Structure formats: structure tokens, C-alpha cells
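What follows is a single structure, written as C-alpha cells, with notes after it.
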Amino acid sequence: MDARQMKIEAARAALAYVESGMRLGVGTGSTAEEFVRLLAEKVAAGLVIEGVPTSERTARLCVDLGVPLKSLDELPELDLTIDGADEVDGALRLIKGGGGALLREKIVAASSQRMIVIADESKVVQTLGAFALPIEVNPFGLVSTRIQIEKTAARLGLSGALNLRQSEDGNFMTDGGHFIIDASFGRIPDAEALSIALNSIPGVVEHGLFINMATLAIIAGPSGARTLQANNT
């Protein structure tokens, strides 16, 4: 089973949690896109849901495949969000944002009664931080914000490269018009403390640490999919 097949397996297992009539947050990224494709097949077969996308890219895919959508303002309270992750630890703390949609992903997840994470087994870690932490920042005062991120990290014993994410057209820009700094801190022993500290920086719009948000993870490996509960690796 290759990496894509594992993503499909995790996405397929997540469909078992989707019930007709649900208001569903729909994630962003390669694994979430596999879920959208499978969801579209269920919708075509009669499943009734209303989806809220976490990015313009996800919205376009849903429209192309016939998945009905509403805005979060139209459906401000959701039953379930299904999304991928770049890393997940044993407490279901996540690093997200590799796809550049972390702000909307976090807003949608926070509006949901439950959040299920789908991923292949390579995303499961003992301690977060091998994947660079995406930090969404306001373009105004970018240099100042970067310095404050460095100082804040240093107070927590963290250091590493802070790279402004690039696209083919220059600086990568989120759907909300912000930049992303990818912070290669390495091992993050206290994700909660870093989350609070980053949120205190005025130029930081949001960061990719998702703490106490996921209620279940579905992890796929060569032998199939398994569920991961908090502190049960």
C-alpha cells in the first residue's frame, strides 16, 4: 500500500462517521481531498449533507464533484469536521497548515462539535516539531513580527530557521491575504506554552498548533486503518 492508498484508506474509514443530515466541515490538503472524492460518491448515491470548506481550493473541488456547500456564516455550528494533519501526537495535538489554510481550518474546527483527523502513519509522532510549524502573519510589520517570533521562541528554549513561504508568484498568500512563516524549531516539548506565546504576538494571525481540538484520529498504514484516541498510541 503506497502513501496515496493509505490516505484513501483513512478517508474511507472517516466516512463511517458521516451521517445524512450532517453539517460537515471539510478540510484542506491531500488527504482531505481524497475524503472529498469519496464523499462526493456518497452524495451522488443519496447522502444528504451540507459542507463548509476550509479553503478556496477545497471549495472548488467540492463544487466540481457536486458536494453541496454553505458558508460558515450560513452554518455557524457544525456537527463534524474531517481534516488532515501534518503531524499528530499521542494526545491528538496537531501541526497543521502545510496546505496554507490553517486559519480557516482552525475556525471551522472550533465551530464543530467533533473533529476527526485523517492521516497516514508517517504523520504520527512522539513529540511535535519535525514538520516546520506554519505561522500565519500579517504582511504589515513582517520583519518586526519575525523578530518577535524569534525572541518568543528563544524564551521557550526553541530556535531554528524562520522561512517565509514562497509560491510560483512570490510570497505565498493565504485565502485571507496573509503570509506564512514556516518555523523549523525542531522538537517542541511544550506545545501549549508555545501556542499561548505565539498568540500574544500582535502580528501573528494564527499558528498551526491545534491543541484540544481533535477528538479522534484515523491513521492508515500498510495493514489498514486504525483509530487513535488521546494518549493511546
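Counting starts with 1 at the first residue shown.
Note that Cβ sites are derived from N, Cα and C of the backbone, with glycine treated the same way.
Summarising the annotation, Swiss-Prot assigns substrate binding site to T28, G29, S30, T31, D83, G84, A85, D86, K96, G97, G98, G99, K123. The feature active site, proton acceptor is assigned by Swiss-Prot to E105.
Shown here: features listed in Swiss-Prot, placed on the structure.
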residue: T28; record: substrate binding site; Cβ neighbours (10 Å): 29
residue: S30; record: substrate binding site; Cβ neighbours (10 Å): 13
residue: D83; record: substrate binding site; Cβ neighbours (10 Å): 32
residue: A85; record: substrate binding site; Cβ neighbours (10 Å): 29
residue: K96; record: substrate binding site; Cβ neighbours (10 Å): 30
residue: G98; record: substrate binding site; Cβ neighbours (10 Å): 21
residue: E105; record: active site, proton acceptor; Cβ neighbours (10 Å): 31
residue: K123; record: substrate binding site; Cβ neighbours (10 Å): 24
Maximum Cα-Cα separation in Å among residues T28, G29, S30, T31, D83, G84, A85, D86, K96, G97, G98, G99, K123, which the record lists as binding substrate: 16
T28, G29, S30, T31, D83, G84, A85, D86, K96, G97, G98, G99, K123 excluded, remaining Cβ within 8 Å of their centroid (substrate): G27, A32, A119
Distance from E105 (active site, proton acceptor) back to S30 (substrate binding site), taken between C-alpha atoms, in Å: 14
Rounded to the nearest Å - Cα separation of A85 (substrate binding site) and the residue listed as 'active site, proton acceptor': 11
